[in-house]
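A.B. asks: Right, I'll just put the structure down here and ask away after.
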């Protein structure tokens, strides 16, 4: 509800000026050049870290699909399957980042809704047909893990950086609020189904990706893993393109083919290296959710709205609600970031 409300605040901010085409312009409208820079920086770092998460996701699922895989380079150097698959995923994904027209990948990425339904179906099939059952046991409420869990929850609703762009692309912009509500309801039902099924099936033993829990050799397991593999492959280039474009513009070389390829290759190599260094999907996503998505999805919409319109144009209830969201968001960001970093360091 909070993220849906802040999404509607962004729509109202867009209505304040016809020059607003994206999220950075909202930051500029509220705080000038510094606001544009701050919003852009948050967006680009978020996209970069999500791209790293995609590589970790690919490595984990391919390792599940082909267990026991490794590469011996001699001289005592042995590359584990997970690390090997992260590198291979980077090599396969690399050419997609060189494309000038990402239209084909956009269509594949749009199939994410269908993929989500397929994954829920596979999870339910594994429980009912493949014999996993609903015998999972665990602690219903673990307060020590609450900050990390909140970061993961918020990560699921972190689409705010693209909301202004989506709204501008609609023929009937006045229906954006209704679209937003429908999307959040459908997403919540999907995420909730996976969370409840995963907990009932595996309890405290559930992995950061439930595909890693599914029984090996079953058709439903393979279908779930293949489905989980397609989305990161198609979305990686879409994630890093805004980052690469921003770098090219700073280099004043946006039209030079060599620089275009070089920048994107460097981004892929750097994300592969970090994915190999921090191969903890849940921890990384919790960090992204706590540190960046809380700012983009909770704090900035409220702060920008209050700056653009002022408190005089809002009712006391609206001002109070936004202040509460800012305070709660700040607490979630601080605690979630601390515990996520602590867990990443501990897992090393």
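The backbone N, Cα and C atoms fix where each Cβ goes, and this holds for glycine too.
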A.B. asks: Pick from 14-34, 77-97: which range has transmembrane segment per TrEMBL?
C.D. replies: 77-97
A.B. asks: Is it the case that the transmembrane segment (320-341) and the transmembrane segment (223-246) touch, counting contact as three or more CB pairs under 8 Å in which the residues of each pair are 6 or more positions apart?
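C.D. replies: Between the transmembrane segment (223-246) and the transmembrane segment (320-341), which are separate recorded stretches, there is no contact, as judged by 3 or more close Cβ pairs.
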A.B. asks: Who are the long-range neighbours of the transmembrane segment (140-158) in its own chain, taking Cβ under 8 Å and residues 6 or more past its ends?
C.D. replies: 3, 46, 184, 187, 191, 282-283, 285-290, 292-294, 296-298, 332, 335-340, 343
A.B. asks: Most CB pairs under 8 Å with the transmembrane segment (223-246): which of 37-57, 77-97, 258-278?
C.D. replies: 37-57
A.B. asks: Residue list, the transmembrane segment (258-278) vs rest of chain: Cβ under 8 Å, 6 or more residues beyond ends.
C.D. replies: 48, 51-52, 55-56, 59, 83, 86-87, 90, 93-94, 97-98, 100, 240, 243-244, 247-248, 251, 284, 344
